[in-house]
Amino acid sequence: MTMIRTRFAPSPTGYLHIGGARTALYSWLHTRRHGGRFVLRIEDTDRERSTPEAVNAILEGMAWLGLDYDEGPFYQTERYDRYRQHLQTLLDAGQAYYCYCTKDRLERLRTEQQARKEKPRYDGRCRDLDGPPSEEVADEPVIRFRTPLEGHVVVEDAIRGKVQFLNSELDDLVIARGDGSPTYNFTVVVDDLEMGVTDVIRGDDHLNNTPRQIHLYQALGFEPPRFAHVPMILGEDGKRLSKRHGSVSVLQYRDEGYLPEALLNYLVRLGWSHGDQEVFGVDELIQLFDINEVNHSASTFNPSKLQWLNQQHIMRAEPNHIARHLGPFLAERGVDPAEGPALEAVVRTQQERAKTLVEMADNSLFFYRRPEAYEEKAARKNFKEGTAEILEHCQHCFSGLPSWDAESIHGVVTEAAEAFDVKMGKVAQPLRVAVSGSAVSPPIDATLELLGREETVARVGQAAEWVRQNVG
């Protein structure tokens with residue numbers, strides 16, 4: 001069996017967005033499952049809109065997602081000689097011809113066809129000419145492909161099944177502009193055949209290009225690759241996903257605290273499923289994903305579901321993995337994890353509740369930095385008359401503990417509740433506010449164990465003093 005070769009071919013006119021990332025993921029999974037090769041090609045022929053910054057953003061996004069490629073990146077702007085050679089091959093074989101029609105003539109033709117409620121298409125005026133016509137001659141002729149006038153093209157699509165196109169519905173495609181630069185439909189065919197691509201997986205907005213490209217493959221003497229056109233992604237309003245729905249850069253999801261494996265998990269489920277299973281690891285996806293099982297219907301992007309999946313992956317991941325991703329978020333907040341509790345230990349206390357790494361970073365700050373103030377609502381609810389005495393009692397007991405561990409700390413909290421004849425919460429909550437500045441933290445015994453005896457005693461004493469000055 002021929003080795004499977006797929007490609008991801010983004011245009012560097014913007015960031016790597018959700019739709020592009022899903023296409024790349026489907027191609028990558030299909031390749032990895034079958035032990036093939038994944039090729040990265042940058043389609044940068046639009047010189048006005050293509051930027052180095054966009055290329056870097058695409059490469060960075062793929063690296064963050066872990067979508068490694070085996071060959072490339074190849075750049076179309078470095079391949080013009082190859083395109084010119086294949087253009088000449090088609091011209092020499094009579095499969096392509098020069099079209100001298102002016103823009104004005106083509107616009108008049110379009111207007112007349114629309115007035116007759118006909119599909120706008122080239123009328124073949126220059127198709128059988130040996131040279132320029134006698135009038136209305138363009139300064140720079142384009143090159144058109146000589147599309148068969150009769151018959152049909154069948155696209156055997158892995159997702160949509162058999163799709164048939166009548167040749168009579170296809171006009172003679174422009175494959176090179178007046179300045180000699182090749183057009184998209186031509187370059188993509190040349191690239192795919194020269195790079196040995198066997199399976200083209202792309203968005204279904206390219207389906208209508210496929211019969212034209214199949215003609216080009218055949219004219220150049222090559223078998224077309226297999227095709228799979230994945231359905232579009234919709235916003236929750238049923239319209240095509242765009243920036244207004246949150247169709248943002250993949251890297252923005254990174255910056256908002258999503259794990260790459262969570263985003264991959266969500267993207268693969270936008271069109272594919274495996275029974276009722278919701279949460280998948282990347283290795284598991286490589287084993288299970290089948291491009292033939294992708295649904296042909298459009299999928300709806302649901303930010304809440306993505307966040308839920310992110311929480312699931314945070315809960316299930318190894319603490320050292322989370323710590324590697326969490327470190328940069330703490331650094332952004334001016335925190336050096338080396339100057340406090342072990343980051344993996346902090347992660348363990350947060351994994352059950354954090355929805356994003358941003359949330360986890362914000363909730364972890366107090367482990368490395370004393371609170372500058374107490375949240376007003378938390379202080380009002382938990383710092384009451386008599387709280388100072390409870391805090392001072394705990395402070396004294398903490399100082400004298402023979403060992404500093406969660407069990408011993410829990411014993412102090414229990415003993416204090418009994419000594420002051422209050423419920424456990426009347427001790428634990430003031431302690432929580434005292435050390436974290438808020439009423440929300442991991443279990444108090446685990447929290448204090450991580451903070452350490454010296455820091456705990458200092459913060460509890462500081463809070464007791466604050467209560468005496470502000471509450472009484």
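Each Cβ is built from the backbone N, Cα and C atoms, and glycine gets one as well.
The motif ''HIGH' region' annotation in Swiss-Prot covers 10-20. Summarising the annotation, Swiss-Prot assigns Zn(2+) binding site to C99, C101, C126, D128 and lists sequence analysis as the type of evidence. Under the heading compositional bias 'Basic and acidic residues', Swiss-Prot lists 112-130. If you look up Swiss-Prot, you'll see 112-137 marked as region 'Disordered'. The motif ''KMSKS' region' annotation in Swiss-Prot covers 240-244. The feature ATP binding site is assigned by Swiss-Prot to K243.
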Secondary structure at C126 (Zn(2+) binding site), reduced by DSSP to three states: coil
Chain residues outside the motif ''KMSKS' region' (240-244) and at least six past its termini with a C-beta under 8 angstroms from it: 18-19, 232-234, 301
Spatial neighbours of D128 (Zn(2+) binding site) that are distant in sequence (at least 6 apart) but have CB under 8 A: none
Residues satisfying Cβ distance under 8 Å from C126 (Zn(2+) binding site), sequence separation of at least 6: Y97, Y98, C99, Y100, C101, P133, P141, R144
CB contacts for C101 (Zn(2+) binding site) [other CB atoms within 10 A, all chains]: 19
Extra residues within 8 Å (Cβ to Cβ centroid of C99, C101, C126, D128), Zn(2+): Y97, Y98, Y100, Y122, G124, R125, R127, L129, P133, R144, D172
